[in-house]
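Working notes for the structure below.
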Amino acid sequence: MKLTILFLVAAVLMSTQALIQHDGEKSQKAKMKFLTARTLSAKKRDVDCVGWSSYCGPWNNPPCCSWYTCDYYCKL
């Protein structure tokens with residue numbers, strides 16, 4: 001009887017571990033997809049960005065490069 005209970009507990013623990021490990025793989029893949037998409041969008045934005053002392057006002061509003069801020073002109 002005790003041996004049967006021990007086997008059942010071991011089986012439950014092993015199946016729980018397998019489920020947790022499988023979910024970890026899914027979340028790792030999702031994380032990689034998210035980071036890849038974010039990197040690609042950042043690269044796309046850098047192509048469209050304007051550099052230092054470029055006009056970025058309300059009528060013509062291209063994004064400043066990530067290290068600049070826009071206050072009518074991109075500035076550090």
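For all residues, glycine too, the Cβ spot is worked out from N, Cα and C.
Between Cys74 and the candidates Cys64, Cys65, Swiss-Prot annotates a single disulfide bond, the one to Cys64.
With a 10 A radius on its CB, Cys70 (disulfide bond) counts 17 other CB atoms from all the protein chains. Look at Cys64 (disulfide bond): DSSP puts it in a strand. Reported as a whole number, the C-alpha separation between Cys65 (disulfide bond) and Cys56 (disulfide bond) equals 11 Å.
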